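Okay, so here's the structure we're looking at.
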Amino acid sequence: MINTKALRQEQIAKAQQVICYDDFSPPKLIAGADVGFERQGAITRAAIAVLSYPALELVEYQIARIETTLPYIPGLLSFREYPALMAAWQLLKYKPDLVMVDGHGIAHPRRLGVASHFGLLANVPTIGVAKRRLCGESELLGEQPGSCQPLLDKEEQIGWVWRSKKRCNPLYISTGHRISLDSALLWVERCMKGYRLPETTRWADGIASNRPFFEQMIQKNP
């Protein structure tokens, strides 16, 4: 039986170790990380795509598949996802200076989403780039690209609600580890190329999902 109380207590303890200020040099390699599931959840799949900066060209990618170690439990998703992320991380020849994770960082009820959890374990600066809100509230967001509002939870800012593209739902940007909230938003902005997602997590999602466009791009950039 899974001791969810112990896992929540572990989250609270690990959240105290998260560094919420800039602790990195200007990155030359920036990665995106994405996690999915296969065989009705029996297999966890993690993809990490490493891009050069500022060109944002693919340098390396790795995919790891492992047996799923934990069922889906709301608020404890990082325990389900980090083992595959760490497996993919270990496969990388070129370790990135900054990683954007498809998921939340400190924008989490106990301030430890998958971006923060992975950042702590890998000791790498990370940013949470999530497609859906997990907790917190914000003021009404403008429709124009670049519109931004603080994401607040009990008067504490835990992230940004940021509209990256017109007529698209916003992204939820947060500190993962070793980066400030302001810098997290800045670096996501710097990795945009006109799509809803930054190139980092767009590549990771495309590779993990075997999308035809990314397969063609990989063939051109072996």
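Glycine is no exception: its Cβ is also placed from the backbone N, Cα and C atoms.
Taken straight from Swiss-Prot:
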BINDING   D34, D102  Mg(2+) binding site
SITE      Y72  site 'Interaction with target DNA'
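Swiss-Prot feature annotations superimposed on the structure.
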residue	record	DSSP class
D34	Mg(2+) binding site	strand
Y72	site 'Interaction with target DNA'	coil
D102	Mg(2+) binding site	strand
| said: Within its own chain, what residues at least 6 apart in sequence put their Cβ under 8 Å from the Cβ of Y72 (site 'Interaction with target DNA'), listed in sequence order? | reply: G41, R80
| message | Counting Cβ atoms within 10 Å of each candidate's own Cβ, which of the binding-site residues D34, D102 comes out highest? | response | D34
